Amino acid sequence: MKTTGRSIDSKAVLEPKPVVRKWEVTNSLLRTVLVTSLGSIQYGYVIWVVYSPVLLMEDMGNAAKNPGEQQYLLFMLGLAISLFPIGGLTGALIAGVMVDEYGRKGALLINCFCSMVSSMFMVCATVVQAFLFTMVSRFIVGITIGIFSIVVPLYLIEISPLNMRGAIGMLPHFFLAVGVLLAQLLSFPEMLGNEEDWPILTSVPGILALFQTIVVPSFPESPRYLLIQKNDEEKAMLALQKLRHNEDVQEEIEELQQEKMAEKTEKSMNSLKLLCFPSLRWQVLSVIILMCGQQLSGVNAVYFYTERIYLSTGTDLNNVPYIRVASSVAIITAVFVGIFYIDSMGRKFLLLLGFGMCTILCIVLTMNLELQGDALWMSYVNAFLINIFLMGHAVGPSALPNLIIAEIFLQSSRSSAYVVGGFVHWFLNFFSIVTFLNIQKYIGFFSFLICCPICAATFFFILKMIPETAHQTFLEIRKQLPIYVAQRQITKMERMPRRNTRRALGEGQNPV
């Protein structure tokens, strides 16, 4: 076994690594990235508007016009909240078919039209003030956001050069946080957060989508999609030349040709086939674990207690929105710093940093929240810790799973992997929203302790099983994965005889 382990190591070390050209940011790439990222801004904006306490109370006011009791209103509140992630789940399932049938750019353009329609529904819901209309609009908006959550990172990562893939892969979450901040600013009563201006407030995503609809047709399609899935090398070369502002893109074309040859067994892949495909089972398991860790890390509990902790410091209720804005700025700053360091520090480091911080802070917040009533200064400490939690979560668990999914799958199976990840993401988002309020009612602050072992388990899975993927092509990562997993299995098997020997010696037996 040891000999096998050394042979794998030497093969991995001695294999020559190709020199990859370091591309610079071109005007075409920058324009494509920024306009495409408007989809992520809509994502963040809609999340805040849909879950905004002000708009939820307005919805309940519409529901209250119907005869009923408090239980009926609570049921309607739960329905109003849950329909959005159900729509997101539906959109994630649809997105896989769209990106393979119409291309990455085509799917983005179609969803921009859908976003304008869903925005019109939201505007009509605020004007008509019919509760049923509000429910339908939330579901439709959820579908468009579910599609954006897959199409935007998939398109951006596939058009990005190797030396910028990590930074560009984090941009969707950066602009999502910008969208949340934009919604918070516009939701102030002095801006659009009043009854008269609610139609304008809910129309902002439609305006952004209209701008995208005008500009996106001029963008190139994903070169990887064109060459590997559509077998059109000429269009793929033209797309690369446009993105790189350089005629000499033969090196990247050769890389795409090699990837096309390597993934012949994965052609015509869909999500159901992917779940049953033996050679990709480890990658699928990694996607599911990363998404479970992301959604069950305690971030929903943190958002639930944020306002209570701010109020416990003696802050006036009217000033809480301003503190939320400051918190969003801190999150944006953390992601911005992560963008600069992700390619030098690596994906694995940032993931471990984020999940490690969440694990520790889940324990610390449980103790501090229990002691908060005995000491006023503890409220300030908790307010600080909550923002540290959100910043750590934003840098790792929130921003990086979509990038890891793109890097550990090849072209033909990548969209199906995003569908699996999107399904888990939106299902757990719905599940945590529905169950958390009931769990919190019974165990209170100790709900963080449920999330702590999940964060810890995800941390150790990443530490042991997820390889570093920075500065490697998709094909190099695919070749590395079996070697990395085999090394882990060999190490585990080598430890077993030692463990058995120590156990035998401890019992006074002959180990032979």
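Every residue gets a Cβ built from N, Cα and C, even glycine.
All annotation found in TrEMBL is predicted automatically rather than curated by experts.
The coiled coil annotation in TrEMBL covers 239-266.
The domain 'Major facilitator superfamily (MFS) profile' annotation in TrEMBL covers 32-470.
Here TrEMBL flags 29-51 (among others) as transmembrane segment.
Sequence annotations record features per position, and here TrEMBL assigns transmembrane segment to 71-96 (among others).
Long-range Cβ contacts of the transmembrane segment (108-133) within its own chain (Cβ-Cβ under 8 Å, at least 6 residues beyond either end) map to 36, 39, 42, 49, 58-59, 62-63, 65-66, 76, 98, 102, 140-141, 143-144, 147-148, 151-152, 155, 198-199, 202-210, 212-213, 216-217. Under the heading transmembrane segment, TrEMBL lists 108-133 (among others).
Counting same-chain residues at least six beyond the ends of the transmembrane segment (139-157), those with a Cβ under 8 angstroms from any Cβ of the stretch are 33, 36-37, 39-40, 42-43, 46-47, 50, 83-96, 98-99, 104-105, 107-108, 111, 114-115, 117-119, 121-122, 165, 168-169, 171-172, 205, 222, 402-403, 406-407, 414-415, 418-419, 422, 425-426. Under the heading transmembrane segment, TrEMBL lists 139-157 (among others).
The feature transmembrane segment is assigned by TrEMBL to 169-188 (among others).
For the transmembrane segment (200-220), same-chain residues at least 6 beyond its ends with a Cβ under 8 Å from one of its own Cβ atoms are 28, 31-32, 35-36, 38-39, 41-42, 45-46, 49, 105, 108-109, 112-113, 115-116, 118-120, 122-123, 125-126, 141, 159, 182-183, 186-187, 192-193, 238-239, 242-243. Look at TrEMBL and you will find 200-220 (among others) tagged as transmembrane segment.
Among the features that TrEMBL reports, transmembrane segment is placed at 282-305 (among others).
Same-chain neighbours of the transmembrane segment (325-342): 166-167, 169-171, 173-174, 177-178, 180-181, 184-185, 306, 350, 386-387, 390-392, 394-395, 399-400, 470, counting only residues six or more beyond its ends whose CB sits under 8 Å from a CB of the stretch. As annotated by TrEMBL, transmembrane segment applies to 325-342 (among others).
The transmembrane segment feature in TrEMBL is assigned to 349-369 (among others).
Per TrEMBL, the feature transmembrane segment maps to 375-396 (among others).
Annotation source TrEMBL lists transmembrane segment at 417-437 (among others).
Sequence annotations record features per position, and here TrEMBL assigns transmembrane segment to 443-463 (among others).
When Cβ distances are compared across the two stretches, the transmembrane segment (417-437) makes no contact with the transmembrane segment (169-188), since fewer than 3 pairs at least 6 residues apart fall below 8 angstroms.
Two recorded stretches are said to be in contact when at least 3 C-beta pairs lie under 8 angstroms, sequence spacing 6 or more; the transmembrane segment (282-305) and the transmembrane segment (29-51) fall short of this definition. Long-range contacts of the transmembrane segment (375-396) within its own chain (CB-CB distance under 8 A, at least 6 residues past either end) are made by residues 173, 177, 297-299, 302, 305-306, 309-310, 312-314, 323, 327, 330-331, 333-335, 337-338, 350-355, 357-358, 361, 364-365, 368-369. Beyond its flanks by at least six residues, the transmembrane segment (443-463) meets 286, 289-290, 292-293, 296-298, 301, 305, 348, 351-352, 355-356, 358-359, 362-363, 365-366, 369-370, 397, 436 of its own chain at Cβ-Cβ distances under 8 Å.
Long-range contacts of the transmembrane segment (169-188) within its own chain (CB-CB distance under 8 A, at least 6 residues past either end) are made by residues 33, 37-38, 40-49, 52, 54, 152-153, 156-157, 160, 201, 204, 321, 324-325, 328-329, 331-332, 335-336, 338-339, 342, 394, 398-400, 402-403, 406.
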